[in-house]
Amino acid sequence: MNAKILALLIGVVFVGLFTVSTPAHPLCLLDPPFGFCQSSISRFAPVVGKCREYIYGGCSGKANNFQAQAKCQANCG
């Protein structure tokens, strides 16, 4: 019985070593687009692996300028 558990554990570790993680979408690696205009719009952007709220100035935006946290998380995690 212990040999089966050990074999299972070794198998799990072996699979874990060779699992390839998918790289983040390039969109998710961009800095938050603050914008240069005078607006003060609440938006979400991926920062250090989390979708965080920031204030967007209203122009010169990028594709990672999400209106909702759920949409940011759906695209970037």
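Every residue, even glycine, has its Cβ placed from backbone N, Cα and C.
Small disclaimer: the values here were computed from a predicted structure and weren't measured.
In sequence order, Pro46, Asn64, Asn75, Cys76, Gly77 are the residues of the chain that are 6 or more apart from Cys28 (disulfide bond) and have a CB within less than 8 Å of its CB. In the three-state DSSP assignment, the secondary structure recorded for Cys28 (disulfide bond) is helix. Sequence annotations record features per position, and here Swiss-Prot assigns disulfide bond to Cys28-Cys76 (among others).
The feature disulfide bond is assigned by Swiss-Prot to Cys37-Cys59 (among others). In the three-state DSSP scheme, Cys59 (disulfide bond) falls into the coil class.
Summarising the annotation, Swiss-Prot assigns disulfide bond to Cys51-Cys72 (among others) and lists sequence analysis as the type of evidence. DSSP classifies Cys72 (disulfide bond) as helix under the three-state reduction. Within its own chain, Cys72 (disulfide bond) has Phe44, Ala45, Pro46, Cys51, Asn64, Phe66 as residues 6 or more apart in sequence whose C-beta sits under 8 angstroms from its own.
Residues annotated as domain 'BPTI/Kunitz inhibitor' in Swiss-Prot, with sequence analysis given as evidence: 28-76.
Taken from Swiss-Prot, the feature signal peptide covers 1-24.
According to DSSP, Cys51 (disulfide bond) sits within a strand segment. Note: Cys59 (disulfide bond) has non-local neighbours Gly35, Phe36, Cys37, Ser39, i.e. same-chain residues 6+ apart with C-beta under 8 A of its own C-beta.
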